[in-house]
Amino acid sequence: MSTALLALIAVFLCILFRILNVNSHAEKPTLFCKDRNFLDTVSKISSVVSEPYVPTRLWGFSGHVQTVVHSILGRLKCPWPIGERCYLYLPDGSTLTYDLYQALNQTYEDDVTLAICPGIGNTSESVYIRTFVHYAQCHGYRCVVLNHLGALGSVPVTAPRVFTYGHTDDFHSMMCSLVTRYPGTEVVAVGFSLGGNLVTKYFGEPGRILPANIIGGISICQGYCALNGSSYLLNWQNFRRVYLYVITETMKTIILRHRSVLLSDPVKKAFGLNERDIVAAATLPELDEAYTRKMHNFKSVSEMYRWSSSKYYLQNIKLPMVFINARDDPIVPENMLEPIREFASNHPKILHVETAHGGHLGFYEGGFIRANPVTWLDRTVVSLIGSLVFAHSESKLKFTAGAH
């Protein structure tokens, strides 16, 4: 074997080991929480946040691989929960849907519903959502999953709009429908990626009256600030531009799938849209300049991104919330976690759980090559929901004792 070939193999192995990050080791999550009583209450039920997260040995220490495996394969042994599709006909003519799944385990006394908001362009049919729903059902939780407007190919768009990064009215409509159906249920809102941003913004919007049934929320892998996020994603560093391309094409596909409604001649004339610019958009900011900001009457993309970002609504949150992020998330760089670290460190009943590994919505664990069918994220979120329910029950008991 020639020296040149040996050198080439050595370089390849070095690059592979660097990408796989095989020299890393399992670490406990870093917890940011001002409220010691809240943290102690959470830890009673969700001890997993205080234990090391052990990724799949060969490839789980790479945020890229975790993210790509999540995006392509989703979850292993993914079930298909059987639910009911609910239709809401909104005042603007839109047809909004959400899927309702009943608990599979009826041994729990509490009536708790999880209101789930998926990531960008995702729905109840997305693999990671299906897996999480099934796991939550088995633990006694009813689930409702918002189908982002326009994301389901089987549900036609009936008004000239699709979901956006910051409009929370669709989620509110689902919540109102839910509590009308089940007025006695307690609700925990769970948001993944973009859904985490929407849930957080929903909790903190000035003037927004939340249903009294909501007892808390969980946000997973959101970026907190669309302004900073778009800047980072435009950078080729850490392959972020590749992820931006995938996100852009996802949004463009949704718009073009419903072009007969979204890009009809009257709509293009009313909002000044140029279909050629929309099709040619190579990045998300270009697409938002050509389409999204015009449809929602923003003067600029920057103005729309600022309005959409949960970072600017954190101070108004009154309900208990838990935020989860991974430092090796290639879509949400570590620098973007500063706002939530600061918020959790200075406000009561807020916990930020930060892992060293996990990527973007990956968090596979166990095994050497083949990961466990249930991820660390699924286990942890379900246990944190139990913690929020327990914390709410303790608060009610203290209030009742104080009243007497």
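The backbone N, Cα and C atoms fix where each Cβ goes, glycine too.
For 1-26, the entry in TrEMBL reads signal peptide. According to TrEMBL, the domain 'AB hydrolase-1' annotation covers 114-366. Residues annotated as active site, charge relay system in TrEMBL: Ser193, Asp329, His360.
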Spatial separation of His360 (active site, charge relay system) from Ser193 (active site, charge relay system) - C-alpha basis, Å: 8
Residues that sit under 8 angstroms from Asp329 (active site, charge relay system) by C-beta distance, when 6+ apart in the chain: Gly63, Thr67, Cys221, Gly358, Gly359, His360
Arithmetic mean of per-residue pLDDT over the domain 'AB hydrolase-1' (114-366): 96
Active-site residues compared (Ser193, His360) - highest count of Cβ atoms within 10 Å: His360
